[in-house]
Amino acid sequence: MSTPLIAILAGDGIGPEVTAEARRVLEALDLDLAFEEAPVGGAAYRAHGHPLPPETLDLARRADAILFGAVGDPAFDALERAFRPEQAILGLRKELGTFANLRPAKIFAGLEDASTLKPEIARAIDLVIVRELNGDVYFGEKSRRTTAAGLREGHDLMRYDEDEVRRIARVGFETAAKRRGKLCSVDKANVLETSQLWRDVVIEVAGDYPQVELSHMYVDNAAMQLVRNPGAFDTIVTGNLFGDILSDQASMCVGSIGMLPSASLDAAGKGLYEPIHGSAPDIAGQGRANPCAAILSAAMLLRHSLNEAQAADRVEAAVAAALRTGVHTPDLGGDASTQAMGDAVLAAL
Ligand code: NAD
Ligand code: IPM
Ligand code: MN
C-alpha cells in the first residue's frame, strides 16, 4: 500500500480539541501516514457558506480513511436544515455509503466509579452496538404543512427496505460471530411496520449463521435492560434512531460519553471514524473534553481501514494504561485537561 491518506475533519466545538489528540497518537506510531485537513460543519459554513463543501467531500472520497471530530453549533440551529452543521455528517454518511456503524462499549479498569451504575454491574459491560446509519427516519422524506384546521404539522417518514435491513443484519451476525456469539436485534415490531420488516429479515438472515444465538427485544425494554443488566448484551443490531439513543445511554454505563468511539463502514470496508459524542458547546474551548473516544476511534481506524491490528491494540492498551494511572478528565471525575490526557496516552505508548 502506498502511504495511506487520512482525512482530518475536526469540525466544531470540542471536535478540533479531541481530534488533535487522536492525531498526535497516530503520528507517534511510526507508521507511514499522510494527513490532510478540511473544514466541516459550522466551521465550513462560516468559511464557505456550506457545512459540507465540495472540497471536503472530495477529500473524504480520496482518503483511505476519515477521522471525524464533531459538528454542531448553537449559532446555526435556526438555519434552514440543509445548511445546519449536522447535515455535514449526515451527508458524509450518505455520500460515502457508510451504512454500518460499530459502537463498542467496554468498561476500562478504574472507571467503575465514573459509571452511574453500581461498580459490579458496570464491570461486566462489554458490548457493541451495530447501528444502521444510512436509512430509517433520518433519511425519509421530511415535510411541514398546515392542516385544514390551521395547525402546523411536521412529517418524517420512517422507512427501510429489505436490502437495507439485510446488509446491516449481516454485519450484526458477523460481528457477533467474532465475539461471544450472541446477537440481540432491537426493534419496535409491536408498533412499527418498519420494525416488523426488520425482524422478519433478521430472522431470514439468521439461517446463514447457525453459530450465532439470535434474540429480539423491543427498544423500550432494551433501554431498561441496558441499565439493569448490561453485561447480558454481546452484540446489539438496531436501526439508525434506536442505535443513536441506546449508544449515548451505553456510554454513561461505562463512565462517560467521552469514552465511546465509533467506526462507520461501507460495503468495501472504507471507514469514517468518530467519537459518538457531539461538539459539546457547554465545554468547548476550555480544554475539559475527554479525548479518549477520539483516540479510540483512531484505533478503530487502524484496525478496520489500515489493517494495522497491532498498532490498534497498542493504542487501546495505552488508553487503558493512562486511565489506570489515574489521569482522568472532569467527565470521569478528574481534573486532567484534554491535552494532559493525550500526553498520558502518548507516555503509555
Ligand atoms: P454532546 O454529545 O455534544 O454533549 C452532551 C453532553 O456530554 C454535554 O454536557 C457535553 O459537555 C458532554 N460531552 C460530550 N462529549 C464529551 C467529551 N468528549 N468529554 C467530556 N464531556 C463531553 O451532545 P448535545 O449537547 O446534545 O449536542 C451538541 C451539538 O453536537 C449539537 O449541535 C448536536 O447536533 C451535535 N452532535 C454532533 C454529533 C456528531 O458530530 N457526530 C454527535 C452528537 C451531537
Ligand atoms: C451521532 C449524532 C448524529 C446522529 C447527529 C449529529 C446527526 O447524534 O453521531 O450520534 O444522530 O447520528
Ligand atoms: Mn448521537
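Even glycines carry a Cβ here, placed using N, Cα and C.
Just so it is clear, the model here is predicted, and its values are computed rather than measured.
According to TrEMBL, the protein carries these features:
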BINDING   ARG93, ARG103, ARG131, ASP220  substrate binding site
BINDING   ASP220, ASP244, ASP248  Mg(2+) binding site
BINDING   GLY278, SER279, ALA280, PRO281, ASP282, ILE283, ALA284, GLY285, GLN286, GLY287, ARG288, ALA289, ASN290  NAD(+) binding site
DOMAIN    5-345  domain 'Isopropylmalate dehydrogenase-like'
SITE      TYR138  site 'Important for catalysis'
SITE      LYS188  site 'Important for catalysis'
- So which recorded positions out of ARG93, LYS188, ASP220, ASP244, ASN290 are up against ligand 2, CB under 6 A? ASP244
- Query: Looking at the binding-site residues ARG131, ASP220, ASP244, ASP282, ARG288, ASN290, which have a C-beta within less than 6 Å of some atom in ligand 3?
  - Reply: ASP244
- Query: So among the recorded positions ARG93, ARG103, ARG131, LYS188, ARG288, who's got the most Cβ atoms within 10 Å?
  - Reply: ARG131
- Nearest of the binding-site residues (ASP244, GLY278, ALA280, ASP282, ALA284) to ARG131 (substrate binding site), judged by Cα-Cα distance: ASP244
- Query: Just checking: which of the binding-site residues ARG131, ASP220, GLY278, ALA280, ASN290 have a C-beta under 6 Å from ligand 1?
  - Reply: GLY278, ALA280, ASN290
- Message: By the count of other Cβ atoms within 10 Å, pick out the sparsest of the binding-site residues GLN286, ASN290.
- Response: GLN286
- Lowest local Cβ density among ALA280, ALA284, which the record lists as binding-site residues, within 10 Å: ALA284
- Message: Using DSSP and collapsing to three states, where does ARG103 (substrate binding site) fall: helix, strand or coil?
- Response: strand
- Message: Quick check: with ASP220, ASP244, ASP248 left out, which same-chain residues have Cβ atoms within 8 Å of the centroid of the Mg(2+) site Cβ atoms?
- Response: VAL219, ALA223, LEU241, PHE242, GLY243, ILE245, LEU246, SER247, GLN249
- Task: Rank the binding-site residues ASP220, ASP244, ASP248, ASP282 by the number of other Cβ atoms within 10 Å of each Cβ and report the first-ranked residue.
- Result: ASP244
- Task: Just give me the nearest neighbour of ASP282 (NAD(+) binding site) among the recorded positions ARG103, TYR138, ASP220, ASP248, Cα to Cα.
- Result: ASP248
- Task: Would you report the average pLDDT that the model assigns to the domain 'Isopropylmalate dehydrogenase-like' (5-345)?
- Result: 98
- Quick note, ASN290 (NAD(+) binding site) and LYS188 (site 'Important for catalysis'): C-alpha atoms separated, nearest Å, by 33
- Taking every pair from ARG93, ARG103, ARG131, ASP220 (the record's substrate binders), the biggest C-alpha distance in Å rounds to 26
